[in-house]
Amino acid sequence: MLGLTQHAQKVWRMKPFSPEVSPGSSPATAGHLLRISTLFLTLLELAQVCRGSVVSNRPFITVWNGDTHWCLTEYGVDVDVSVFDVVANKEQSFQGSNMTIFYREELGTYPYYTPTGEPVFGGLPQNASLVTHLAHTFQDIKAAMPEPDFSGLAVIDWEAWRPRWAFNWDSKDIYRQRSMELVQAEHPDWPETLVEAAAKNQFQEAAEAWMAGTLQLGQVLRPRGLWGYYGFPDCYNNDFLSLNYTGQCPVFVRDQNDQLGWLWNQSYALYPSIYLPAALMGTEKSQMYVRHRVQEALRVAIVSRDPHVPVMPYVQIFYEMTDYLLPLEELEHSLGESAAQGVAGAVLWLSSDKTSTKESCQAIKAYMDSTLGPFIVNVTSAALLCSEALCSGHGRCVRHPSYPEALLTLNPASFSIELTHDGRPPSLKGTLSLKDRAQMAMKFRCRCYRGWRGKWCDKRGM
């Protein structure tokens, strides 16, 4: 199996771990899935060649991942994101041709524990049936993505447990404790150190088999989709209250992320989260927080099997778990900071509870029309102009380390964005001055698209 360790391959092929989760899968279905799995290597190599998506050879895009069509159908409030060059599904649904996200109940038989400690589908990846999961996943993907040539974002949102043992702290510690109980029950005479070592190994290998195997199946069925997991990689730079907060990812986190090479190698896109916690309000630490989270994603992407893998951070327009919309400066610290580092784009996620009232829908529309939309036009236009001016239209502009505060935004002395009120896109007026070009050349450099090279991305070749 492509991308799996020997132990994970064994996990993949072995019979279901837990009899309680396998009755729903007929022998014919399981056998069909296993026959499909034997073709993965060939098909995945083919998928690598066939890849092409909504982000191909575009310097920066924004993708809408919010069900704001509800605002129109229920309250008559039209939150039109398309006029600001935001990619969205038809009727702005969570699942569609441009963007599909799978939550744990929507893809296969993901094992997890409830808040009260009850196991669902076996609870642990090493105690659940991967064959049963893939049989259900096969059907779920076909139902959610009926078009075989789907070329949008394909995001899997699994948050109950993390594939590295060391990252399962606090409420996720139950996955470590139950893993050790599983080993202890089989080997009651083993010392605690040996039990933990075996439990750690079993959990991590099974987690790899589940996560990599699910990606592989998606990539075989919809090879042009940008398959990846929400929230990966993480940086865990949440010590905001520290007086000398730098935002840097702890060394042990980077070391653990290095052990997830199988995940970065298997992903067709990386979707780190840069949601701004409420604790960052008024602290002036948001940019440092976002900067290092994006840097970590770019770091693991560059050393992966495909250094061109798109990085698409997830952004919220609200401070996390609040009803406070981000002010313009925080959009600069999140969307703007991401664009300046040369990511392929960003996903704008909106919780469904934000569209539950007419008032909240009206607030989102006003924010989109007055603040978010114009800023997206600004950043998207600046990224395109910089790509054409510096990178021959064949690469993205990436901020030079010597100018850590530089953002990819238009010079207001050279450009103006004129908003309309009749449903038409805003108009951008102006041209790059010689000074603008000189500033870009000083503060940014090029990261070439696949198939281009050279300082200015003007030469063919990898």
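Note that Cβ sites are derived from N, Cα and C of the backbone, with glycine treated the same way.
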Would you mind checking which of Cys71, Cys235 shares a disulfide with Cys361 in Swiss-Prot?
Cys71
Check Swiss-Prot and name the cysteine among Cys386, Cys446 that pairs with Cys391 in a disulfide.
Cys446
In terms of Cβ proximity under 8 Å, which residues at least six beyond the ends of the domain 'EGF-like' (446-457) contact it?
57, 308, 342, 390-392, 394-398
When distances run from the Cα of Cys71 (disulfide bond) to each of the recorded positions Asn244, Cys249, Asn265, Asn378, Cys457, the nearest one:
Asn378
Quick one: which of these recorded positions, Cys235, Cys249, Asn265, Asn378, Cys391, Cys446, have their CA within 10 A of Cys457 (disulfide bond)?
Cys391, Cys446
Per-residue pLDDT averaged over the domain 'EGF-like' (446-457), given as an integer:
96
Going by Cα-Cα distance, which of the recorded positions (Asn98, Cys235, Cys249, Cys361, Asn378) sits nearest to Cys386 (disulfide bond)?
Asn378
By CA distance, which of the recorded positions (Cys361, Asn378, Cys446) lies nearest to Asn265 (N-linked glycosylation site)?
Cys446
In the structure shown, which of the glycosylation sites Asn98, Asn244, Asn378 has the fewest other Cβ atoms within 10 Å?
Asn244
